[in-house]
Amino acid sequence: MLGILNKMFDPTKRALNKYEKIANDIDAVRGDYENLSDEALKHKTAEFKERLEKGETTDDLLVEAFAVVREASRRVTGMFPFKVQLMGGIALHEGNISEMKTGEGKTLTSTLPVYLNALTGKGVHVVTVNEYLASRDAQQMGEIFAFLGLTVGLNLNSMSKDEKREAYAADITYSTNNELGFDYLRDNMVLYKEQMVQRPLHFAVIDEVDSILVDEARTPLIISGQAQKSTKLYVQANAFVRTLKKDQDYTYDVKTKGVQLTEEGMTKAEKTFGIDNLFDVKNVALNHHINQALKAHAAMQKDVDYVVEDGQVVIVDSFTGRLMKGRRYSEGLHQAIEAKEGLEIQNESMTLATITFQNYFRMYEKLAGMTGTAKTEEEEFRNIYNMQVVSIPTNQPVIRDDRPDLIYRSMEGKFKAVAEDVAQRYMTGQPVLVGTVAVETSELISKLLKNKGIPHQVLNAKNHEREAQIIEEAGQKGAVTIATNMAGRGTDIKLGEGVKELGGLAVVGTERHESRRIDNQLRGRSGRQGDPGITQFYLSMEDELMRRFGAERTMAMLDRFGMDDSTPIQSKMVSRAVESSQKRVEGNNFDSRKQLLQYDDVLRQQREVIYKQRFEVIDSENLRDIVEGMIKSSLERAIAAYTPKEELPEEWNLDGLVELVNSTYLDEGALEKSDIFGKEPDEMHEMIMDRIMTKYNEKEENFGTEQMREFEKVIVLRAVDSKWMDHIDAMDQLRQGIHLRAYAQTNPLREYQMEGFAMFEHMIESIEDEVAKFVMKAEIESNLEREEVVQGQTTAHQPQDGDEAKQAKKAPVRKVVDIGRNAPCHCGSGKKYKNCCGRTE
């Protein structure tokens, strides 16, 4: 009954029927375009753009646009997309995944929706897994687009910012997923809008979509730099704070745990460090270190707030009294306590920006993908990316012979059988592709074949260009190729002369992967475009997957039958058990990726807020209103802390409030206790705010409006960037320890969301306080440069070669871009990183 219902309501079947009708319409107008001259065909692009401007949609133009690309492709490359390729292209245009078997021409299929969507002028990104494929496709398919008058850009890791900007400005941009993600992060660290390279994310077509959105979904892209806080500064600040006297040099409020330098304390600091003004923009880092050292000495008590254990500072939970191992105070307070206790100061490298592929690609207005194998991950694509998987039929029926698995007792017996099978096929001249799960297996089989004197090539997914070349030759007579799973993906194996008569390409699998999709990819290497072929998997009871579903029982059964190591069994029961084991593993992997996304969504929402506001800052001409708003909020919180509602007015610490207001917003003696005595908090706020605004206006008059506007930008950008980087670090530490909350019968995700939100709120307050303090206290130098914004903190540089970190079997791998000290600085100053943003003192 269920089967009948599935047939009636199968969404793929419905979609295919719809696509076939549209493909027939495209076929019907074929003759009209064949008769057009080259010029008339090229002119169609301008005509389509005009019609879009007049209100037509890309859907309205689909039939004509596809017919134009089809004809242009025939004239330029000699390739004419088949009807099934038209159907694949329509699926892509609708933001779905086209599952097209190997050799069915996915690259050519993509040109159809890419052209149609590029007509909008918003830019289309074609995403591939490596730079070799991006370069190859940009060159080959770029000819079709160039013929039709569209521009094509290629975005590579080695390019300068100007070259990248040009590549992104093109109608169509070919790039790798890594480069797109890193460019997005770097764009949100620039100081001037003109330094950004990407345009808003419009439409992306991802080749090998399962590899990028599933296999690499858990891989965070990370831009990191040396931790901005110099160890030396912590030690110096600590030594200085030890010389200060309470109430004379600093004040401490027990209730709020607030510590503040008095005017005397500030003068002492300026003398000790040989500077004119502690609040000058260039002394931001020093000021921060002194504040944290003060807090460490005055507010943080040993054995109350923290303990020292095994040379480490361990935080004590103030509610439960438990030790919170692995957690560190943020904003450099932890390092300040380490300096106070005379311990080694841990100065890890710092995460400056991070995003996962899942969240990067979900930002596109429309997303589509192509692969030979996506059906097994259909649920994941639907739930996480809202994309349907549409299996496109092959142009010619598949006549490949997929043989049942051969199961051996031991690995040794299995590998001997594989070598024997390869040797026999080699003797007849039939080409063989041996697929392995791990590099060690490739090397072991290579050794066995060497012993038999069989020449062969080994591929380990390291050199993409060489790889593509070897894979192309893997279908020639007598070729033997050993490849790990991902090697040579994206390149077709075309059969050489006389190979069809020998049975086509033989694919030999040496074990089942935990994902059926990877097994299907290996099978799909053979039997392309109706060619003959054969696939055979060899398994052993010692394989990891076999051990998972209880191979012991089967082993005992084999023993009873007295089977030796050289005799295989072919059993449907075992094959079914393997498949159900694979389904279980796939389910677990999906759950873990889904969970990662739920955690990552917390940071995603925060990232979007910060990046949006940061862009508004660099895009805005005048930040005065924003800064005034920040000062208001900061002052409101300060007044609320010193005038709590639950206390009587005579209990309020007005002396503390006056000290704070004068040292943070005004000048020594500008506010007296008598000015605010007897007033309500909102009256105090209004009066103090008036005085602050008077000082603000005087400052603007002295320095000139233009200089003041740039100064505000410098202060706001520096505060946002440094606090956001601290926040990313703190969120990372929270994330690493949060699973332990499950032991306390709480939901770790819920706790992470709540604490993450509280930390974000605190970060926003912290930004407002810092902006208020520095705008009011810092002096403006006449030659103010926005680059000063990053002094004392690191920003990013280009990713280094080889950052395509391979996914480990279980744990997520981090893709990290580190900054070389002698590399040119990212901020565009032209100086070396170590002499510019990487300067730590």
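Cβ coordinates are placed from backbone N, Cα and C, and glycine is handled just like the others.
Remember, predicted model here, so these are calculated numbers, not experimental data.
Swiss-Prot has this to say about the protein:
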- GLN85, GLY103, GLU104, GLY105, LYS106, THR107, ASP492: ATP binding site (BINDING)
- 786-812: region 'Disordered' (REGION)
- CYS825, CYS827, CYS836, CYS837: Zn(2+) binding site (BINDING)
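Structural mapping of features recorded in Swiss-Prot.
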{"residue": "GLN85", "record": "ATP binding site", "Cβ within 10 Å": "27"}
{"residue": "GLY103", "record": "ATP binding site", "Cβ within 10 Å": "20"}
{"residue": "GLU104", "record": "ATP binding site", "Cβ within 10 Å": "25"}
{"residue": "GLY105", "record": "ATP binding site", "Cβ within 10 Å": "19"}
{"residue": "LYS106", "record": "ATP binding site", "Cβ within 10 Å": "25"}
{"residue": "THR107", "record": "ATP binding site", "Cβ within 10 Å": "18"}
{"residue": "ASP492", "record": "ATP binding site", "Cβ within 10 Å": "19"}
Of all the Cα pairs drawn from GLN85, GLY103, GLU104, GLY105, LYS106, THR107, ASP492, the residues the record ties to ATP, which distance is largest, in Å?
16
For the recorded ATP site, whose residues are GLN85, GLY103, GLU104, GLY105, LYS106, THR107, ASP492, find every other residue on that chain with a C-beta no more than 8 angstroms from the centre of their C-beta atoms, and list them by sequence position.
MET100, THR102, LEU108, THR109
